[in-house]
Structures are given as C-alpha cells and as structure tokens.
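Per TrEMBL, the features are as follows:
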- GLU221: active site, proton donor (ACT_SITE)
- ASP365: active site (ACT_SITE)
- CYS433-CYS476: disulfide bond (DISULFID)
- GLU490: active site, proton donor (ACT_SITE)
- GLU531: active site (ACT_SITE)
- THR618: Ca(2+) binding site (BINDING)
Amino acid sequence: MSKSLPYSMKDVHYDNAKFRQRSFFKVITQNMLTSNLKRECVKCSTGKFLMLLMLCGLAYLMLTRMSSIHPSTDGTAKNVGDQKGAKLIADGSGRLRRLWRKPPRLPPMLTPDEITSRNRSLHNSGNLDVGPNWKARQQRVKEAFIHAWSGYKNYAMGFDELMPLSHRGVDGLGGLGATIIDALDTAMIMGVDEVVSEAGSWIEEHLPERIDGKGQVNLFETTIRIVGGLLSAYHLSGGEQSGNASQNGTKPAVYLENARKLADHLLIAFTSSPSAIPFSDVVLHDRAAHPAPDGLSSTSEVSTLQLEFNYLSSLTGDPKYSLESMKVLEHLKTLPKVEGLVPIYISPHSGEFSGENIRLGSRGDSYYEYLIKVWLQNQGSNWTYLHNMYEESIKGVKHLLVRKSVPNGLVFVGELPYGPQGSVSPKMDHLVCFLPGTLALGATKGITKEKAMRENLLSFEDLENLKLAEDLAKTCFEMYSVTSTGLAPEIVYFNMEGESESGPGGGNKDSKYVNDIIIKPADRHNLLRPETVESLFILFRITEDPKYQKWGWEIFEAFEKYTKVDSGGYSSLDDVTTLPPQRRDKMETFFLGETLKYLYLLLGDTNVIPLDEYVFNTEAHPFPIRRASRKQ
Ligand code: DMJ
C-alpha cells in the first residue's frame, strides 16, 4: 500500500464487506456475555426478579432505539449508503429484536385522491431528491444532439468541424468529415434516424474518395474518431449479425469497408518506422508517414490505437492490424518506468522515452486508459502483462501524484514535470477527469459494485481504487461548480499545504472550493470536453449512486445555458469565469461523439450498452467484448 495516500482509509474499511462481518461477531460476543450474566442471576429468586426487570428495561431500550434507526418518513431510503448503514445496525441487534418481534409499523393508508395530490406536489417541488423525470431529461440531451447536428449540417456538412458563430466549416483534422463519423453511433444509440441516414449516405458517397485523396492526418486522432466511429457504427447497425442484413439506408458493410480502407492507409505509420513506435502523421494520398516536427510521438497517442485495430482484425479476420498495433504495447512493456508511470514523449527513431515530464493530462492520459481497456477487451488472451502494467501504474499514481488541496481537501492528481526527483506540480488538466471512470472500471471490470462485493470479487486495492475514483469524480465536478458559468476550465491548479498558488478563482463565490482551486488566465477556456461526464456515467453505472446523475444534469444545464448557439450548434468558450462568457466559434467533434453520448447514457436505462459487455474507446465509441475470447 502506498505510504502517501492523502486521504483516510477509514472510508474504504467502512465499505468492505469483511469489516461488516466483524461487527456482527462483536454483537454475538456481547450476547454471549449477557447469557453468562443471566445464568449467575437465576441462582436466587431476588436475582430472578432483578433479571426480569433488567430484561424488560433492555427490551424497552432496544425497541425505542430501533425505531430511531428507521427515520424515513416517506418509506424510501435517501441513498444506497443509508440503506446499507441501516441494514448493518439492524443485523447487529437482530438477536435481541427476536425476543419480541412486533409487526412492522406501516405508514397510514392514503386514499386514491390523497395519493394523486401528493405525487403532484412531489413532482412540482423541483427537488431532485424526490424523483426528477430522468426520461424527460434524457430527451433534452437528445434534443441538444439534434440541435448540434442541425448547425453542423446547415453550415459545415462535409467539413471536420462547425464554426457555429461564423456559420462555416473547418478541416482541423485532415478533411475526412470527422463530425459526421464521430456523431454517427451517438445518433444510432439515441435513435435519431434522420441523422443516421444523412451521415450514412454521406459516408457511402464521399468517404472512400477522401481516404485516397486527402493529405496529412494524425494517426491517433484518425484512428480514435474515424476508424473507431466506423467500427462502432458497423456493430450498432447490426453488421455482426448473421446475413449482415441492413434495414433501410446504408448497409453496415459500408462502415467496415471504409474502416478497413482507412486502416490500410494508416498502417504505413507503423511499418515505415525504424522502431515499434509509429510515426505520428500519415499523408493519405502519398501513402507515406512521418514524425511530428520535433521528431517525437506522444506516449498516449501511440498507445491508444489498439482497441480499434484489434477489433478491426477480429471483424475482418486479418491479424495484421492487431499485430502491428500490439507491437507498441509489447515494446512499452520493456521500457524503464517510474513506478509504472511514463514520460509523455517517445521517439519513433530510438523507441525510447524522451524527457522526464510525467502527467495524466495531455499526451499521457489514455496510455493508462488503454492498458486496462485492451486487457478487458481481450480477457481470454495471454495479455495479462497489460493488467500488471495498469496495476503498477495506478500504485505509482497514488504514491507520486495524488495529493489533497487546502483548505478543503479535494483529492487531485498533480504532475511531475521534472520527473520523480522534482517536486509535484499541483496542476491538473480537465483531461485527467477520465481517470475516475477508468479506475472504477478497472476495479469492478464493469459490473456494479454491489454485485462485485456480493460475489467477493473486489480486492483491498480495488476498493481503494474505487474510493479514489469517487474522490476524484467529486473534484472534477467541483471544477465545474467553482466557476461563474458552472463549466470547467481546461486546466486548474490546487492550493497545497505550504505551497499556495497565486491567481484568481473561478468566480462562483458560493462555492466552498473558491480557495482550493486556482484558474490562471490562459487556462480559462472550455472546449465542450467529455471527460467529467464520461466518469460520471461510469461511476453511476458501477456505484448506482444517483448523485452522479444529478451532477451530470447540472453540467448539461450549464452547457445549454452558455454554449448553445441559436442558429444551430454549440460553441466552445474563451473564459468560463466571467459572465456572459466570450465564445470561441468552434464545435469540437467530441461534443457529439462523446459529451452528449455519455450524458444521454448517464440519464437513461442502465441496460443500454452494459459496461461488462462493451468497452468504449477513448472517443466513446463502444466495441463489444468478445464472449468467445473470455475465460469465463
Ligand atoms: C478526445 O478526442 C478523446 O477523449 C481523447 O482521448 C482526449 N481528448 C478528446 C476529448 O477531450
């Protein structure tokens, strides 16, 4: 266990089923002691009388205490934690209760009229705790998606991204129509048929020619957004079902053919590199690849291609995509690390890491995410080294990077810009907010915490990681609520004991954390990023705690209020700390591909895309976990 874990382990103990049993044992011991005393007392008749008196007194005390344990006036538990706490106490005193079991006290029966009027007042109260209409809220997210698409379709169809204020399109990702492909599976999940049909037709008509004719694209961005989006569209449109029959519109095979064609172009980044580390850029029409201007690749970029290439190999039956991409992870396994943590740059020429900068934000983030996800995707394989690398890296995160803010103790993940010999920087990118979700997924492997505990599947470390996930999710949520707009900036700094950061806060004076979180002028923008709502979605699925839905809804409302553009689309912001916020004239593709998809899933039926059957790539495109390849 890491020495410097900055938060109390008491909460982890509280959640552990083993500790619950121990308190039950204590109760039994206490009962046995009471029985001994009883035997001594009955030896004399005065003793018998006293004994009777004592028993009556005890029974009275127990009954009055038990009724104070169940204070719920409306008959409902406020949350899972409360229910568990009540059960814990009730179990411990069960023996005494059996002395005199009264029928449970039920609330008085209401007439049908009273029931109707009570329900009406509950729903009109606006209080989230009494049952918001999640279906209606989910519908609002769907409407937001349709609004985002309408702006893109009207002003930027065929371009990578929409500029919603100047009503134009821009090709920031090489010109493969990235918004169309990133948005397609979201439209399928939401059941927005018109968008599915428009996107499908565009892909069929234009994408093949663009794949052959366009110029430079980034290997990572093109793989996660375009290859990933096409593969998930193939699956969700029924491509893997026998006969590959399509309903109306674009046939699933079109998505797979395009994914394969594009991947065939991208493979040159791997095969032309002198090491196992691919070059960062590919020139599509030349079928050539080259390194970034500084000669280096980002560590996260080269290690965030494998889910997509593995799935492509399994769909096409051609192993080359998986083989090339997995060479990267096999090579990374052999490199020296700092307690499982890696520098953010790597050289495709030497195959070695470059520099000492370690962080879980930009250029580092999805290295850690894919270690566990590629392992989850291939549980029947012998790639356990990935799980080992993941476990070691998370220990390293806890030991070297996790710290607590002052004065109010938000748990955050800092950076080591000068390696392990330098000091921790209290800087945290919004990008790091993917980590709570990944930690939770790594702990339970996608099933609910309740089920995992019932089946005794969680190690002490899993519970510790789940606790850290919940703490970090809170921090990520507070990065939103600390600002005037309710939207997080791109980067925050935390005040740490003895090292206070200078700079302004987020502008929301009502937030408890105004003194914990510093936002520097250059970091105040918001690009409609998904990481926090992604983690809220995963944590809700795993813990079943409704607070994650409430937080997600608050974030959605802030997006609606400050980023929605009347003429269509949503805009990034220049500054989340001032009102009204200055807009930035760009709608990133991941707003449709990730942010709105995760919000929609967070507010809806938990059986849709279950986390033990699907793994989401880093751009929120779900791929099925192959049952056949799983050990169990
Ligand atoms: C997305 O393209 C992916 O989630 C990636 O892993 C990180 N950055 C963006 C979203 O913020």
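Quick reminder: no glycine exception, Cβ is built from N, Cα and C everywhere.
TrEMBL: automatically predicted annotations, no manual curation.
Candidate active-site residues: GLU221, ASP365, GLU531. Fewest other C-beta atoms within 10 angstroms, GLU221. With CYS476 (disulfide bond) as the anchor, the candidate recorded positions are GLU221, ASP365, GLU490, GLU531, THR618, and the one with the nearest CA is GLU531. Among the recorded positions listed (GLU221, CYS433, CYS476, GLU490, THR618), THR618 have a CB atom closer than 6 Å to some atom of ligand 1, in sequence order.
If you take the Cα of CYS433 (disulfide bond) and the Cα of GLU531 (active site), they are about 5 angstrom apart, rounded to a whole number.
The closest partner of GLU221 (active site, proton donor) among the recorded positions, by CA position, is THR618; the full candidate set was ASP365, GLU490, GLU531, THR618. The residue listed as 'Ca(2+) binding site' has a Cβ environment of 27 other Cβ atoms inside 10 Å.
Ranked by CA distance from GLU490 (active site, proton donor), the recorded positions ASP365, GLU531, THR618 have GLU531 at the top as the closest. Rounded to a whole number, the C-alpha distance linking ASP365 (active site) with GLU531 (active site) is 11 angstrom.
In three-state terms derived from DSSP, THR618 (Ca(2+) binding site) belongs to neither a helical nor a strand segment and is classed as coil.
Other C-beta atoms found within 10 angstroms of the C-beta of CYS433 (disulfide bond) number 29, with every protein chain shown included.
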